[in-house]
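Annotated 3-phosphoshikimate binding site per Swiss-Prot: Lys20, Ser21, Arg25, Ser166, Gln168, Asp312, Lys339, in sequence order. Residues or ranges marked as phosphoenolpyruvate binding site by Swiss-Prot: Lys20, Gly92, Arg120, Gln168, Arg343, Arg385. The feature active site, proton acceptor is assigned by Swiss-Prot to Asp312.
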Amino acid sequence: MQLRTNVKHLQGTLMVPSDKSISHRSIMFGAISSGKTTITNFLRGEDCLSTLAAFRSLGVNIEDDGTTITVEGQGFAGLKKAKNTIDVGNSGTTIRLMLGILAGCPFETRLAGDASISKRPMNRVMLPLNQMGAECQGVQQTEFPPISIRGTQNLQPIDYTMPVASAQVKSAILFAALQAEGTSVVVEKEKTRDHTEEMIRQFGGTLEVDGKKIMLTGPQQLTGQNVVVPGDISSAAFFLVAGLVVPDSEILLKNVGLNQTRTGILDVIKNMGGSVTILNEDEANHSGDLLVKTSQLTATEIGGAIIPRLIDELPIIALLATQATGTTIIRDAEELKVKETNRIDAVAKELTILGADITPTDDGLIIHGPTSLHGGRVTSYGDHRIGMMLQIAALLVKEGTVELDKAEAVSVSYPAFFDDLERLSC
């Protein structure tokens, strides 16, 4: 696909796609709760539709009228053995969180996905779930999918210190803990996104959070709720960066989720001197509008506790750094290696093709800026965030064309991405 290049400026207002993390979890919580859950503004991207299909295969009645999704939950006990292997597609969230839910179901389930999922490590989830009493293993005697899990109705609580900062692992353990008799304790390596904890409370559950320690006493019965999904800051990030680096630009992004465990990119932009203003903030629902304007940027260092708050935004932050004055260092981001692709290598290789001065390290990137970008042939590696990052990079190309292989990957989280960009382009 030939990408849009040499854009003079970007102007306009966008409603970014609904939050992917909350959309996944809204289906999951609806399925394991008793009663009806209605979901408005659900993200109909490929990953979240994989979650919806997975729970239908477990016997959950889910209706979608195109506007609202209705989940008729019957609690954990209402989940039934799937007739076939559950296909999670490209979704790591689906497979890892479902393992936590299935840990308490007294039947065997097999989960598989695409080629990318088949390279994603699962021991980080399987080990604690096996400690709780589930029988979870790779079908091919490795830690990689396909995964087979046989749950038990006698799950034991766990006291677990996490070796990696992962909201997916934490969430899987919490889903299992909801079904275990007794108090489970999870200690995070670093604070990660807390949508699961918030939604446990929203659906009538209880847990205690003390810094990086989470305590949950089970078993608990949840009750169906009405969920309104805000816009996804991870999708907004591409247009935040575009608005900062394309000359004479001003973009208003409406109803963006502003959960503090997800807003690390806003802190980085501020540190780099970028102009992003929060308008119409709704503190109760953690959302607001974001107004971004073209800015002069300076380099920064990114590492430590902020990394889990922006892990998915690091590819587009790397592009931002190519347009900042000085040397930007990203460290402590080794988790990028086990995303849809090795994002450290992918970002470095593809931006180098376009003329960036960027070097991969074991746990991040070193980026010298500012640099002018030029045309070239690049690939998304089938990774939606790499694909969208490269299109934003192409906007800055003044000479030559940019050809993107595997552009269709963006539909995983943002099916209307190219259309939305076209509406803003001048």
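Cβ coordinates come from backbone N, Cα and C, glycine included.
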(request) Compile a sequence-ordered list of residues in the same chain as Asp312 (3-phosphoshikimate binding site), six or more apart from it, whose Cβ lies below 8 A from its Cβ; state 'none' when nothing qualifies. (result) Ser234, Ala237, Lys339, Arg385
(request) Name the one residue among Gly92, Arg120, Arg343 whose Cα is closest in three-dimensional space to that of Gln168 (3-phosphoshikimate binding site); these are the binding-site residues. (result) Gly92
(request) Based on Cα distances to Arg343 (phosphoenolpyruvate binding site), point out the closest of the binding-site residues Lys20, Ser21, Arg25, Ser166. (result) Ser166
(request) List the residues of the same chain that sit at least 6 positions away from Arg25 (3-phosphoshikimate binding site) in sequence and have their Cβ under 8 Å from its Cβ, in sequence order, or write 'none'. (result) Leu97, Ser171, His195, Thr196, Met199
(request) Taking the Cβ of Gly92 (phosphoenolpyruvate binding site) as the centre, count every other Cβ atom within 10 Å, in any protein chain shown. (result) 22
(message) Test of understanding: give the count of other CB atoms lying within 10 angstroms of the CB of Gln168 (3-phosphoshikimate binding site).
(response) 24
(request) Pop the Cα-Cα gap between Arg120 (phosphoenolpyruvate binding site) and Ser21 (3-phosphoshikimate binding site) into the table, whole Å please. (result) 18
